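What follows is a single structure, written as structure tokens, with notes after it.
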């Protein structure tokens with residue numbers, strides 16, 4: 001797995017470096033124009049095909065583990081399903097997990113696509129500035145925004161996990177573990193902090209300049225950030241404790257060992 005990730009990172013780093021060196025504005029389409037000028041337009045098609053294969057591999061990996069992961073979350077009480085569905089969790093195929101994940105993804109995609117395409121006001125998008133394409137430009141920039149915030153949240157988790165390991169391990173097996181670990185924590189913390197502070201600064205500048213579109217865009221951006229932080233870091237233990245107390249009270253109300261009150 002580590003070897004595969006390393007190869008993918010190397011390939012995408014080479015693509016990003018090529019785009020930066022061959023185009024004045026850093027746009028991927030500019031690389032295609034440069035290759036056409038050099039009579040290498042076919043290579044741009046091959047490059048797009050390889051990117052599509054990489055995306056298909058990511059989707060395939062996601063589909064392979066999402067069902068089992070969802071079912072493990074259901075078993076631990078992190079996700080809710082009807083009691084009858086819990087009887088099917090131990091079957092070889094994770095059907096319950098796939099259905100649950102599919103419903104969540106469809107609802108989330110519809111909600112976020114509607115919000116991004118109808119309400120988000122991005123900067124000028126040269127690729128979608130024609131009549132009828134404004135919603136698509138808004139949706140693409142909003143999708144990029146969601147991907148950015150999700151990546152920030154993932155890096156925050158990685159930094160917290162690494163910080164927890166540094167605090168828990170008293171005598172590491174390798175002498176360089178603490179140095180490299182603290183360096184990684186500092187770099188992750190500073191970079192993600194800059195990304196999270198930027199929209200607040202942009203909102204202040206937009207308010208000062210009385211730019212309505214930028215005020216709306218940055219407000220939505222900050223709202224999405226707050227929602228993601230709440231979803232990822234909100235403690236679920238108080239909710240579990242409250243549900244458990246209600247369950248105990250229901251069992252006491254109908255008598256001990258009451259099968260009708262026992263939930264799977």
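Glycine is no exception: its Cβ is also placed from the backbone N, Cα and C atoms.
Keep in mind that what you see is a predicted model, and the values were worked out from it rather than measured.
According to Swiss-Prot, the features are:
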TRANSMEM  1-21  transmembrane segment
TRANSMEM  43-63  transmembrane segment
TRANSMEM  95-115  transmembrane segment
TRANSMEM  146-166  transmembrane segment
TRANSMEM  181-201  transmembrane segment
TRANSMEM  215-235  transmembrane segment
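Tertiary proximity for the transmembrane segment (146-166) is limited to same-chain residues at least six positions away from its ends with a CB under 8 Å from its CB atoms, namely 112, 116, 178, 181-182, 184-185, 188-189, 191-192, 195-196, 224-225, 228-229, 232. Counting Cβ pairs under 8 Å to the transmembrane segment (181-201), the stretch among 43-63, 95-115, 215-235 with the most such contacts is 215-235.
Tertiary proximity for the transmembrane segment (95-115) is limited to same-chain residues at least six positions away from its ends with a CB under 8 Å from its CB atoms, namely 66-71, 74, 79, 81, 85, 88-89, 139, 142, 146, 220.
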